[in-house]
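Peer 1: Structure provided below as structure tokens; questions to follow.
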Amino acid sequence: MHSLLDEITAPSDLKTLSDQQLAQLADELRVDVIEAVSRTGGHLGSSLGVVELTVALHAVFDTPKDKLIWDVGHQCYPHKVLTGRRAGMGTLRQEGGLSGFTKRSESPYDPFGAAHSSTSISAAHGFTVARDLGQDTGDAIAVIGDGSISAGMAYEALNNAGAEGRRMFVILNDNEMSIAPPVGAMSKYMSGLAGTALAQLNAFGQDIETVLPGPMRDHARRARELVTGAVASQGTIFEELGFEYIGPIDGHDMSQLLSVLRSARTRAKGPVLIHCCTVKGKGYAPAETSADKYHGVAKFDVASGAQMKSGANAPSYTTVFGQTLTQLAEKDSKIVGITAAMPSGTGLDIFAQRFADRMFDVGIAEQHGVTFAAGLAASGLKPFCAIYSTFLQRGYDQIVHDVALQNLPVRFAIDRAGLVGADGATHAGAFDIGFLTALPNMVVMAAADEAELVHMITTAAAHDTGPIAFRYPRGTGTGVSIPQEGELLQIGKGRIVRPGAEIALLSFGGHLAEALKAADLISAQGVDATVADARFAKPLDHALISKLAKTHKVLITIEQGAQGGFGAMVLHYLADTGLLDGPLAVRSMTLPDRFIDQAAPDAMYADAGLTATDIAATALQALKRAPVSV
Ligand SMILES: Cc1ncc(C[n+]2csc(CCOP(=O)(O)OP(=O)(O)O)c2C)c(N)n1
Ligand SMILES: CC(=O)[C@@H](O)[C@H](O)COP(=O)(O)O
Ligand SMILES: [Mg+2]
């Protein structure tokens, strides 16, 4: 069957299509995205919500000279299809394949990378100022969702760009969903905007336009825009910030999108915000009718929408966290949970099912979430601030300034520690060990398996003398049996998991299983190896480390984190106590000093040089070259 999509090799091809053909193209594009994502998995719901918007933006604007910047970028699959990457969609989020987000190195149509939310308006402002300073760039268009615009960074950008008054475009993609239903006053405000008389007036005007012949329709549209503009100019918050506000418009009505975008592009002198109402998962019933709108899906059967099961039999670390915290909270009414728009991703949805009034979703607002938790702790409660490692980076100054410096007992549940797989480099939980162990007063733990996680949550709940953090990997655990009750760990004490000699493998966190495999490989070479689980990167177990250093020829530290973390802390200690002055050979095995693109986690750790084979080879090599005792 003749397909317009087959004829599209670049957005410039859209300029040859009529408005009706653009609408047809959108329909074809939607089917294409559904088919593609059914084979790869990925962020389907948000992509389906912007199919018409994507076609209209590329049809009206002159990309790539005009810079189209997608916030988060998880909704960029239609964009990728239209910008020459349709053939590559089968490699989406896979090793060597297309990124799941926008990425500068992937395409000239991706002027700015994303994945962490709420960055698009700031970036667009950068392109705008550069244009005005003579750089060869066109208009900047930021497409930001209703969830993402709840982050403070978005207001920093609106505040700055609105005041400067430079011509730029912000498309507010309002589908009334974040990953979970949206929270916050802004969400209510935007829903109000979309539901007011303004929207009814808009809809009424559009109905009239549809029955009028060509020239009259344009006049009617212009009249509608003037009237709704007048009504809207009661001062939406965006106008108060210096933006012309247009909308709310139907983000699935191609003729409306085209006329509004063409008109705005022709007329705009300053910053414009177009409020676009869409449906997350639009056009695919299993997505539209699901609670999470198929935000992030595994491979699925198109006909039924049934997703392929992961096949894992152990519970995920996330589930263990949610269940354990809930169990502890039954006996401790001071325990509360804080999430930044990710209740299901962190497992706090489990906690909320039992303690709805003790779980707080602050929206995509990690900075606020951390200091909110500090306020809770200062008031005597026991806040568990559950934020993925990568997103916790957003709240670092708050951890330093509001938590550690004041020595407040905030508990940080750090999921997705280490390499995370399909989400790639933007979501790697690589840096939290380093940025947390640098802080005075902070206790830093890492769970080697899900049983250890139970002990660490229990220990954190009881730790009231200052901040404490525990990190754990994405995905299912090791399958160890999970204790009914967690033990109280002694702060700063590690454990010998496998006694040995000559070579000591000191693991911190989720790589313990790999260290044990490495010990087997080392033993097969006739060398004995000790395996220890540090449990704590701060405070270090000085007695354990000294003992290992004094009774072995080689000490290898292993962590699922970047340089400057656990291994560095151990090296500080060994150097400062003179334990490096003798015959001991020390190697610290970390993630390499580069970003690692998406692949299966095991493949990513292989790329990082952190497999059992790598560990064994490093240890045996060190033994061979270990300084000779004098
Ligand atoms: C700083 C940060 N925190 C959390 C996330 C996780 N996250 C990805 S998409 C999303 C929801 C985005 O909602 P919205 O902007 O409305 O986009 P939609 O999915 O509705 O299209 C969240 C919380 C993130 N990417 N970045
Ligand atoms: C786009 C985004 O940032 C989130 O959807 C993220 O991909 C979730 O990660 P998990 O799949 O590890 O929960
Ligand atoms: Mg949304």
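Just so it is clear, glycine is given a Cβ too, placed from its N, Cα and C backbone atoms.
TrEMBL: automatically predicted annotations, no manual curation.
What TrEMBL records for this protein is below:
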| type | residues | note |
| --- | --- | --- |
| BINDING | His74, Ala115, His116, Ser117, Gly147, Ser148, Asn175, Tyr284, Glu366 | thiamine diphosphate binding site |
| BINDING | Asp146, Asn175 | Mg(2+) binding site |
| DOMAIN | 315-480 | domain 'Transketolase-like pyrimidine-binding' |
Peer 1: Give the sequence-ordered list of residues that share a chain with Asn175 (thiamine diphosphate binding site), lie 6 or more positions from it, and have CB atoms under 8 Å from its CB.
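Peer 2: The answer is Ser46, Gly49, Gly145, Asp146, Cys277, Thr278, Val279, Lys280, Lys293.
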Peer 1: In whole Å, could you give the widest CA to CA gap in the thiamine diphosphate site formed by His74, Ala115, His116, Ser117, Gly147, Ser148, Asn175, Tyr284, Glu366?
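Peer 2: Result: 32 Å between the two most distant Cα atoms.
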Peer 1: In terms of DSSP three-state secondary structure, what is the assignment for Glu366 (thiamine diphosphate binding site)?
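Peer 2: Helix, per DSSP.
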Peer 1: Around ligand 3, within a Cβ distance of under 6 Å, which of the binding-site residues His116, Asp146, Asn175 show up?
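Peer 2: So the answer is Asp146, Asn175.
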Peer 1: Among the binding-site residues His74, His116, Asp146, Gly147, name every one whose Cβ is found under 6 angstroms from ligand 2, counting any of its atoms.
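Peer 2: Passing the 6 Å Cβ check against ligand 2: His74.
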Peer 1: Looking only at the domain 'Transketolase-like pyrimidine-binding' (315-480), what is the mean pLDDT?
Peer 2: 98
Peer 1: For His116 (thiamine diphosphate binding site), which residues of its chain lie six or more apart in sequence with Cβ-Cβ distance below 8 Å?
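Peer 2: Listed in sequence order: Val72, Thr390, Phe391, Arg394, Thr426.
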Peer 1: So how many other Cβ atoms are close to His74 (thiamine diphosphate binding site), meaning within 10 Å of its Cβ?
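Peer 2: That number is 25.
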Peer 1: On a simple 10 Å Cβ count over all chains shown, which one of the binding-site residues Asp146, Glu366 is most densely packed?
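Peer 2: Counting Cβ neighbours within 10 Å, the top one is Glu366.
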Peer 1: If one looks at the chain holding Gly147 (thiamine diphosphate binding site), which residues at least 6 apart in sequence have a CB under 8 angstroms from its CB?
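Peer 2: Set apart from Gly147 (thiamine diphosphate binding site) by at least 6 residues yet with Cβ under 8 Å, we have Ser117, Met177, Ser178, Ile179, Pro182, Ala341, Gly363, Ile364.
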